[in-house]
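Everything below concerns the one structure shown next.
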Amino acid sequence: MCMKLKTITAAMLFGCLCAGAVYAAGEVEKREGMMKQIGGSMGALAAISKGEKPFDAAAVKAAVTTISTNAKAFPDQFPVGSETGSAAAPAIWENFDDFKAKAAKLGTDADAVLANLPTDQAGVATAMKTLGADCGTCHQTYRLKK
């Protein structure tokens, strides 16, 4: 009986450990997906700001909306236990309040752009400077160098 109990306990413990690893991997994939969406949105805005694509108010609004939405949800994708397996620096978890503040600033700045949506290429370029600076500040501190 004692041996069965030890075996069952060991199996349950192993299952919990595996479930935790799967959960963390899911969080990494989710946040990487969100970051790719932000990157794609920034790319779309950059193409308009450089004149590579014509100004399209709907495309600008969609891109900035994605940035705003993802920036606000982003900190929730970094639970304790998801520190490995991505380009996320350990500094995120060491300075989580600052990380959250940087994400919030990106969200707030994106909301400001949405409230005063650019009406031309120059306006998109101005918005890109602000949003790009927010991205760069966070990446410089909280993204591992490749």
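Keep in mind that glycine also has a Cβ here, set from the backbone N, Cα and C atoms.
These features come from Swiss-Prot:
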SIGNAL    1-24  signal peptide
BINDING   M35, C135, C138, H139  heme c binding site
Does M35 (heme c binding site) have same-chain partners at least 6 apart in sequence with Cβ under 8 Å from its own Cβ, and which are they?
N70, F74
Max pairwise CA distance, angstrom, over record-listed heme c binders M35, C135, C138, H139:
12
Can you name the residues of this chain that are 6 or more positions from C135 (heme c binding site) yet have a C-beta less than 8 Å from its C-beta?
I38, M42, L106
What are the other residues, in sequence order, whose C-beta lies within 8 angstroms of the center of the C-beta atoms of M35, C135, C138, H139 at the heme c site?
I38, L106, D134, G136, Y142, R143
